[in-house]
Amino acid sequence: MFSNSRRRSAFSVALLTAGHFFSDFYVTFLPGLLPMLIERLGLSLTVSGLLVMVYSAASNILQPVFGYFVDKSGYTWIVLLTIPLAALFISLAATADSVSSLFVYITLAGLASALFHPLGSALLGKVSTEENKGLSMSVFIGGGNIGVALAPAVVIYFLLNYGAHNLIWLAIPGFLLSMAFYLTGIHKVKLVSPQKAAAVIGGTPWYRSASLIKLNLVMGLRSWPQAVIPNFLPVWLVQKGFPPTLAGTMLTVFLAGGAIGSVFGGYVGDKLGRKRCIIGALALCVPALYVFLMSHEVTSLTWIALGVSGAALQGTLPSSIVWAQDMLPTNAAMASGMMLGLSFGLGGLGAAVTGAVADSIGLEQALIWMIAPLLLGLAITISIPEKTTESPAVATTVK
């Protein structure tokens, strides 16, 4: 029989996992909304790329900053606001009547999501039992991955059948979950003391670690196609004459492959080492992505290549987090924030570049050029010295 404390812990983990699911579910609305917004507001591909860049910057780059704020302040009650606000603003973005209001809604939705991730993972560490923290974190990560994978198909289906003005109904689960957080008292859980938080965040500055900077650059380059494909794949497929439903299904396959890859990537990293895992994943992604982008017809090989591309890209994430923590053991939280937040924001900058290039040479050619950042990331990874010993580590922020 399980004790009451174990039951409470499991229930709290389940609630926070649901929070991660809906946070990532709402933050992944944009790829499904983008084709409709381009048509309705007359957005160019350059503006579309800037939109993706702003969204990525708001939801990712500021994660380390928000993590620092949460650690120092202990304001856990903010978790009650994060998911409802993300749901509300992304739903309003679907009905934006101007480009300026669209950018405002997108930015606010991204900021709400960025705040949930360090806070949600910090709360998870407090409500989990000591012997099950690793398992709890895996479940938490899985919840977010499932939310990311389901969002595009759900949004496109909802838009086609009910219209953009009714998208607000999808925000209801986010508000209900916030009520569950309040009723169970998760927002009252205390984090570490200010003295301990200062000790964790302090230590050797990250900018003194050349290997960490290189690794962050690698993850930023890897995040380039990770940001571009979900946002421009539906646009590209519609341009080629495929129905929006196929675009949503393909995007779900890509993201579902990523969810699987994140699990196996951590296992491979434990067995073969962090550096070898990242090198292998990037080396696998290059031919898989090339095969998919060069496919003129949708065949079984097309689906396989797309799924493998998503799995390989996400397969680098667990190893990068643990490797970064090993590089900067006195500042592991900040190192994790760089891998999980800042690098994704750098990938968003790449999306803006891809959008601008697409306006000049066409979207298909611009997508093919995404292979170049992967090759550069592979070369940089090879140049990073791998430590002879690695200690197990658990990420303190998750996306």
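The backbone N, Cα and C atoms fix where each Cβ goes, glycine too.
Per TrEMBL, the features are as follows:
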type	residues	note
DOMAIN	12-389	domain 'Major facilitator superfamily (MFS) profile'
TRANSMEM	47-70	transmembrane segment
TRANSMEM	77-96	transmembrane segment
TRANSMEM	102-125	transmembrane segment
TRANSMEM	137-160	transmembrane segment
TRANSMEM	166-185	transmembrane segment
TRANSMEM	245-265	transmembrane segment
TRANSMEM	277-295	transmembrane segment
TRANSMEM	301-323	transmembrane segment
TRANSMEM	335-354	transmembrane segment
TRANSMEM	366-384	transmembrane segment
| message | At a Cβ cut-off of 8 Å, and with pairs 6 or more apart in sequence only, do we get at least 3 pairs between the transmembrane segment (166-185) and the transmembrane segment (366-384), yes or no? | response | no
| field | Residues from the same chain, set at least six apart from the ends of the transmembrane segment (245-265), whose C-beta lies under 8 A from its own | value | 28, 31-32, 35, 138, 141-142, 145-146, 148-150, 152-153, 155-157, 160, 226, 229-230, 233-234, 237-238, 277, 281, 298, 303, 306-319
| query | Restricting to the same chain and to residues at least six past its boundaries, which positions have a Cβ under 8 Å from a Cβ of the transmembrane segment (47-70)? | reply | 27, 30, 34, 37-38, 76, 78, 99, 102-103, 106-111, 113-115, 117-119, 122, 191, 201, 227-228, 231-232, 235, 333-334, 337-338, 340-349, 351-356, 358, 396-397, 399
